[in-house]
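A.B. asks: Below is one structure. I have some questions about it.
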Amino acid sequence: MKKHHVDVLISENDVHARIAELGAQITKFYQEKQIDNLVVVGLLRGSFMFMADIVRQINLPVEIEFMTTSSYGTGMTTNHDVRITKDLDGDIKGKHVLIVEDIIDTGYTLEKVRDILNLREPASLTICTLLDKPSRREVEVPVEWVGFEIPDEFVVGYGIDYAQRHRNLGYIGKVVLEE
């Protein structure tokens with residue numbers, strides 16, 4: 001790991017306020033469709049804090065599932081080798097599925113997860129991400145709910161790591177490399 005420090009990009013208060021808004025929007029969306037079998041799938045490890053907070057803001061009965069994906073390794077750039085290292089425990093056939101992601105960068109991870117889950121015949125599949133870096137997108141994936149659009153910075157905090165560090169920060173910070 002290179003010598004660095006972390007500057008605040010999005011404050012803890014702003015993160016929590018936006019999650020409350022997203023939860024209300026998601027609740028309204030599914031209530032209007034009279035959906036009562038929502039499965040929320042968190043993509044680990046980065047989404048664990050966001051997942052815990054967003055499901056508490058969704059005012060509907062939900063089932064919780066997790067998948068673990070990997071595409072970063074221990075560096076600061078993503079690669080196209082997306083691996084599923086932990087799959088869902090339950091069946092999603094005929095159920096409405098909401099994928100919860102920490103950050104969308106190139107789009108490859110979400111494309112692979114979405115394709116895998118669609119093969120399992122859910123009734124619907126939607127996506128909510130805390131952070132979106134549209135300037136880095138290489139694969140377009142439809143995303144229904146975005147917390148924050150951010151510039152092309154390497155970010156940490158609120159579950160997101162740099163070489164397994166900084167996940168515990170309550171805010172979103174940008175990594176600044178030091179000379």
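One is the number of the first residue shown, and numbering goes on along the chain from there.
Backbone N, Cα and C atoms are what each Cβ position is placed from, and that goes for glycine too.
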A.B. asks: Which of these, LYS33, LYS86, LYS133, does Swiss-Prot say binds GMP at the same site as GLU101, ASP105, THR106, GLY107, TYR108, THR109, LEU110, ASP161?
C.D. replies: LYS133
A.B. asks: So Swiss-Prot lists ARG45, GLY46 for diphosphate; which of ARG165, ARG167 goes with them?
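C.D. replies: Answer per Swiss-Prot: ARG167.
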A.B. asks: Determine, to the nearest whole angstrom, how far the Cα atom of GLY46 (diphosphate binding site) is from the Cα atom of GLU101 (GMP binding site).
C.D. replies: 8
A.B. asks: Between GLY107 (IMP binding site) and ASP161 (GMP binding site), what is the CA-CA distance rounded to a whole number of Å?
C.D. replies: 18
A.B. asks: May I have the list of same-chain residues other than ARG45, GLY46, ARG167 whose Cβ is within 8 Å of the Cβ centroid of the recorded diphosphate site, in sequence order?
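C.D. replies: So the extra residues in range turn out to be LEU44, SER47, PHE48, MET49, ASP102, GLY159, ILE160, ASP161.
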A.B. asks: Run through the Cβ atoms and count how many others sit within 10 Å of the one on ASP105 (IMP binding site).
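C.D. replies: The answer is 22.
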A.B. asks: To the nearest whole angstrom, state the Cα distance for the pair LEU110 (GMP binding site) and ASP102 (Mg(2+) binding site).
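C.D. replies: Counting only the Cα atoms, the answer is 11 Å.
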